[in-house]
Amino acid sequence: MTSLKIIFAGTPAFAAQHLQALLNSHHQVVAVYTQPDKPAGRGKKLQASPVKQLAEQHNIPVYQPKSLRKVEAQEEMRAIDADVMVVVAYGLILPQTVLAMPRLGCLNVHGSLLPRWRGAAPIQRAIWAGDKQTGITIMQMDEGLDTGDMLYKVYCDIAQDETSTSLYAKLMEIAPPALLHVLDGLDKGKFVSEKQDDIESCYAEKLSKEEAELNWHVSAEQLERHIRAFNPWPVSYFSTRDLQGNTQVIKVYKAAVLPHVDKVAGTILSADKNGIQIATAEGVLNLLQLQPAGKKPMDARDLLNGRAEWFPVGKVL
């Protein structure tokens, strides 16, 4: 079986898992590209990315250019003379000069069934939209944003209680083996690339903290999906005022949908050991696991034990 010389480009833990799979394979990782070290923690000390840490453990040369558009960075990469470049959540734009360097091109592992959910947050957007299925796509990169020709897909069902955390874990199970499968057949021409249909595409924009606020004027089903999509970050939330008039921001980690009632959206219908039930535009959202500021996530009953006055029945949030 042909052993390929690979440049790996990636930054977060998701990418490091793929690098580990390559290191465990018969292929040869000859260089690693990752984002420059960034300040982290209270001390703002420079911290290496998970990919860099793993590469250094295996004595693989690490390159951290701020940009790949400069001639110096491109010539440095050209000298490595790799067969293929594997890109997983790298974070830098690859110009055409770089894309054309390896003889087998640049492969990208993307966390959706392209062309659906191109962009930075495919896992979260798929859950929020109510998709029943997602997966991973391995593609040949071009200069567009996740627009390259597709080589291989693996499908994955989205469970009714799926969170971004659990779906991420599912995709992490299927993605590295799929990457190795493609690499093993790439040099033999086993994979016929398929162009993406732009008409079928949609964009998975990066999540923002502003989007995390719950809007009671949409359906309970949409809100429940919102909560699962925004778990573990940035976490869905709503605000209420305490008896002193202070605003209390409450994060929500888990909720359930109940049948419709004819009440103004945002009205607290009940607050007891079974949850905090809020009327929405369609249906009732039963809040089950919440987190007030400065506390750990807790069941609704535990929050009500200490803060029942925040949730009087009939109050409109």
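Easy rule for this one: first residue shown is 1, then count along the chain.
Cβ from N, Cα, C; glycine included.
Pulled from Swiss-Prot:
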BINDING   Ser112, Leu113, Leu114, Pro115  (6S)-5,6,7,8-tetrahydrofolate binding site
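Annotated features taken from Swiss-Prot, shown on the structure.
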residue: Ser112; record: (6S)-5,6,7,8-tetrahydrofolate binding site; contacts (Cβ under 8 Å, 6+ apart): Arg118, Pro122, Ile123, Ala126, Thr134, Gly135, Ile136, Thr137, Ala204
residue: Leu113; record: (6S)-5,6,7,8-tetrahydrofolate binding site; contacts (Cβ under 8 Å, 6+ apart): Gln133, Thr134, Gly135, Ile136, Thr137, Lys153, Tyr155
residue: Leu114; record: (6S)-5,6,7,8-tetrahydrofolate binding site; contacts (Cβ under 8 Å, 6+ apart): Thr137, Met139, Asp146, Met150, Lys153, Gln196, Ser201
residue: Pro115; record: (6S)-5,6,7,8-tetrahydrofolate binding site; contacts (Cβ under 8 Å, 6+ apart): Asp146, Thr147, Gln196, Asp197, Asp198, Glu200, Ser201, Cys202
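Neighbours of the (6S)-5,6,7,8-tetrahydrofolate site: apart from Ser112, Leu113, Leu114, Pro115, residues of the same chain with C-beta atoms within 8 angstroms of the site's C-beta centroid are His110, Arg116, Trp117, Arg118, Pro122, Thr137, Asp146, Met150, Lys153, Gln196, Ser201.
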